[in-house]
C-alpha cells in the first residue's frame, strides 16, 4: 500500500508499477453486471415481495395448493420488472454525463473521463475543474497563479519533464495539501494555495496549465461526497412493519382454521370419507390440519395483495409526472423545468420537518448592488413623488442617466437623481465620498479594450462600491504597487499609494494612505460602523447621530452597511510613522501585534463622510418562501462555507433571523470544553428545566442502551437562533458533544453553520436523522452540497451557475429556491394525503374481501373452499377496484394549490404522520373485520331457508357467493365515494364504470352460452339472473351496504360534534378558505420587506487577510494598460488634464 504517490515525467516505466486512478466518476448505484442482483436484493428487502416468493413455492406443492402457480408468478414477475425498470431509469438520470466536459492535453482534445494522474491539461476561462490540479502557469501574473521557487522562476512544461512530485495520500481535507516538487535537483514545498480542486470554476483567467494530482474518486471533493444510498420513505418502512403484523394475523387465522379442520376431520370427516374422501397421502386428522394451514395461507394471501405494490408505484409515477409538468415551477430564463429525478419519494415531500440549505447560489445570487448611501447627513437612494411621498422602485421607475460618463458601467442601475445632481454641482463631501470609494480598496482593474473596464475584486462587496464610484464620475482606472490612477469627473489623476492598512477579522476595517497630485496626504478608511464610530473625532457627534439613523433604516431593509471616514495627515508625523511601520513589518517576532498597534495609532480622530448600503441580491421570492415554510413548522438550517458575518447577514436579509428573536446564540469556542459550555448556556436560557433530573430526555438517556435513542421535541421559552462556525462544529460533532448540539440546535427556530466542509454538512444532516424522528431535506446547487444531498431523506438540486453536480445527485431538481414551497406544500402534501388515503382504503377493502373466507371456513368444515367465484377473486383487485382507487390517489385534493400555499398550517399533519400510522391501520383493520362479518352473515341470514317468489329454493352456495361479492363491491365503491374529497369526471367514470363492468362481466360469465362453451371454467350458470332478480336479494345487499358504512358516517358525525385540536385547526382553515373563495383576495402587492433591525456591517465578508500586502508587493500586477494613463477615453476628454506627482 502506497502512502505517497510519486509522479515522475522522466521515467515513464515507473507508472507501470503504480495503479493510477482515472477521472471517471461513478454517480450511479448500478452497472450492467450489478443491476440485476443489486436491484433484486433491494426489492426483496420489501417483506411483501419475499412473502409472495414464499407463496409461489407453496403453490408448487400439489397437496396444499388450491390455485395454479402462475396466478402468483405472473404478478410477481410483473411487479419486479416494473419496479426494476423504474429504478434503472431513475439511476440512469443520476449518472454523470461524462461526455460533456472537455479539456486539452498537449495538442489533443480529450474527454474528462479519460484524464489520468500525471496528465498536464489546459483550462480556459469559465471552465469547470473536474480533477485536483497542481497549478503550473497561467495568463495571470506571478504568485496569484504561478508556482514560485526560491529563485522566483516559473515552472515550465519542459521543466516538468525532468521533475517529480511527492504528495500525501488522497484525503478529504479541503483546506490542506502537503507535497514537494523536485525540480532540477532541488525540492520546493507545495501547499493548498497552489492547488485547483475539483468543483471549482476558472474565473477572470484566460488560460492556465495544471498537473493532475488526484483524479476521479481520489479528488478531495469526491472524498467528501457520501456513497449513493438506497432511499426509502417512512411509509415504506412503516409498511414493512405492518406487513409483518398482517403476516402474524394471517398465521393466527390459518392456525385457527387448521386446528378447526383437524377437530372437524377427527370428529366428523373421518366418518364421512365415503362422501368426502381425504386427499391422497392424508392419513390422519392432524396431518389434514397441517396441510390445511398452508392451503389457507394461499387462500387468505389477498390480505396483502401483490397489486398493492403495483398500485403504489403507479401512484408515485403519476405524482412525479405532476412535478415534471408543473408550469408554475418552470423557470423560463434558462428554460429549466422542475424534475422528479426519482419516483419513489413523493409522499416523503409532505412530511419534511428539517430543511438543510446551502447559501450561495441557493438562497442568494452572489451579486452585490450599490443600493443606498448616506453622505454628510443626507440619505440617497429612495425615490419620491411630487407630493414628497416615497414610491416603490420597480421596473418602470426611471433610472439615472449615466450617458455623460463614457466609462460608466452600463449594467449599473440607480434611481435617485439627486445624488447625480450633487456630483455634477461639485458638492465637496459627495466628491470626497466617491473619491474614497475609488481609492480605498484592493480591486484589480483590467482594460483589454479601450474604455472597457473590468474589475476583479476578491469580494463582490468591494466590486460593487468601486463600480458605484465609477458610474458617479470617479473611475478607478489602474494601479501599480506605488500608484492608483483615477479619472475624476473626466480628469485623470494619479495618487501615490503610500500604505495599505490591511483588513482582518479583528480590525473589521481597512485604510489606505495616499498622496494626491496636489501633494495632500490623506488616510481613507472604511469598515464596520461599530468599529469606526469609536475612532471618530468629537466634532462628528451630530453627524454620527444622523448617519446612525440612516444606518438603521438601511439595515432594516436587509442591506449590508459600512461607514467611510478620512483624516488629513501631518507630513512630519507621517514620516515618523512610516519609519516605525517599516521596522514593525520586518520584525521577526510579534510582527502582527506591532503592526496592529501602529494601525490603531494612526486611525484615530477620523472625520466621518457617510455610509454605504449594499444589497446582496437574494434569489427571487426567498424571504417569502422561508416565511411560508416557517409557518408550516419547518425548521431551516443553513450550512455554508462562507464567513460568519456573511451568513448572519443573509440570515437577516431572507427573514431567517430577526430582531424579534429572544436571542441569537453564537457558538465559537476554540476547545471542546468551550463549545460544551456555550451550548449548555444556550440550552439553559432556552429551557432551564432541561437540566433537572426529572427531565424526560435526561431520564431517557440515563438508561444504558446500545441502540440510538430518539430525542422528543423540546419547546424553548421563546424564539431563538443559533450560529456556529466550522471549527466549533468539529468539536460539537464529537461523540460526547453531539447530543448536546442536537438538543440545543433543535430547540432553535433557525440554525446557521458557517465555514463548514462538505463532509461536515453531511454529518450535521446525519446527526439530526440519528436523534430526531423527522424527515429531512437538503437543498444545494454545487458540488460541495452533494454529500448532504445524498445523506438527507430528500435531496433537492438547484440547476444554477455551479454546474450540474448537485442536480445529478438529487432526487428532485428545479431552478429557483422559491419553487421549494410549491414542491412541499402542494405536491408533497397532496402526495402524502393521496398515499395515506390509498393505503387506508386498500387495506380496508382487502380485509373486508379476505376475511369473508375466514368466517366461511366455520361453515364449510374448514375445507379451504373459497367463498367467491374464482373469476371474481382474480378480477377483484385487477379490474373491479383498481381504477377507482387509482383515480382517487392521482386526482384527490382537499384544497387546491392556491390555498395550499396560502395556508401552510395544513402541512403540519403530514409532519406528525397523522393521516396514516399504526393507529390508523388498526382502525382500518377493525373496520375491515367488522365489514367482513356483515358481508358474510347478512347474505347468509338472508339466504338461509329462503324461497323465490315462484316457490323455488335459492339457498345454494352459488347464490350466496354472488350476493356476498355484489354486496362487497358496492360497499367498497360507496366507501371510496366517502373518502373522495375532490370529484372529477375521471373519478365518476372509474367508480360507475367499475360497477358497470362488474355486472356486465358477471351476467356474461354466468350465462348459458359461456357455460356451454367453457363448461369447466364457468360453473355458475344462470346464478346472476336467478338471484339478482329477487327483491329480497337487493334488500339484503342494501342492508349490508348500510351497516358497513354506518360506522364511517357515525365516526365523521362524532368528529363534527367533538373535534380534536387538529380537526379544529383544519376546520378553521377550511372555513376561512370557503369564505375567501366567495370573494377571492386580490394578489398581494410586491413590497420590500421592512423591519426594525440592528446594524450588520457588510464590509469585507469575503476578504482574506494579507491581500493588501500582496498589492503593495506588486507581484499580482499585470503589465500597465496603455489606456490607464491617458484621458483619451475619459468623460469630457477635452478637459482632461494629466497630472503627475
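Every residue, even glycine, has its Cβ placed from backbone N, Cα and C.
Because TrEMBL annotations are produced automatically, they should be read as predictions rather than curated entries.
According to TrEMBL, the protein carries these features:
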- 358: active site, 4-aspartylphosphate intermediate (ACT_SITE)
- 358, 360, 781, 785: Mg(2+) binding site (BINDING)
- 1123-1133: compositional bias 'Polar residues' (COMPBIAS)
- 1077-1097: region 'Disordered' (REGION)
- 1114-1141: region 'Disordered' (REGION)
- 48-81: transmembrane segment (TRANSMEM)
- 241-264: transmembrane segment (TRANSMEM)
- 284-310: transmembrane segment (TRANSMEM)
- 841-859: transmembrane segment (TRANSMEM)
- 871-891: transmembrane segment (TRANSMEM)
- 920-940: transmembrane segment (TRANSMEM)
- 960-978: transmembrane segment (TRANSMEM)
- 990-1013: transmembrane segment (TRANSMEM)
- 1033-1051: transmembrane segment (TRANSMEM)
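Annotated pair residue 358 (active site, 4-aspartylphosphate intermediate) and residue 785 (Mg(2+) binding site), C-alpha to C-alpha distance, rounded: 7 Å. Neighbour density at the Cβ, taken as the number of other Cβ atoms within 10 Å, is lowest among the recorded positions 358, 785 for 358. Counted within 10 Å of its Cβ, the other Cβ atoms near residue 781 (Mg(2+) binding site) come to 27, all protein chains included. If you count C-beta pairs under 8 angstroms between the transmembrane segment (871-891) and each of 241-264, 841-859, 920-940, 1033-1051, the highest count goes to 841-859. Of all Cβ atoms in the protein chains displayed, 22 besides its own lie within 10 Å of the Cβ of residue 360 (Mg(2+) binding site). If one looks beyond the transmembrane segment (920-940) by at least 6 residues along the same chain, the residues whose Cβ comes under 8 Å of a Cβ in the stretch are 242, 245, 249, 836, 839-840, 843-852, 854-856, 859, 867, 960, 963-964, 967-968, 971, 1036, 1039-1040, 1043-1044, 1047-1048.
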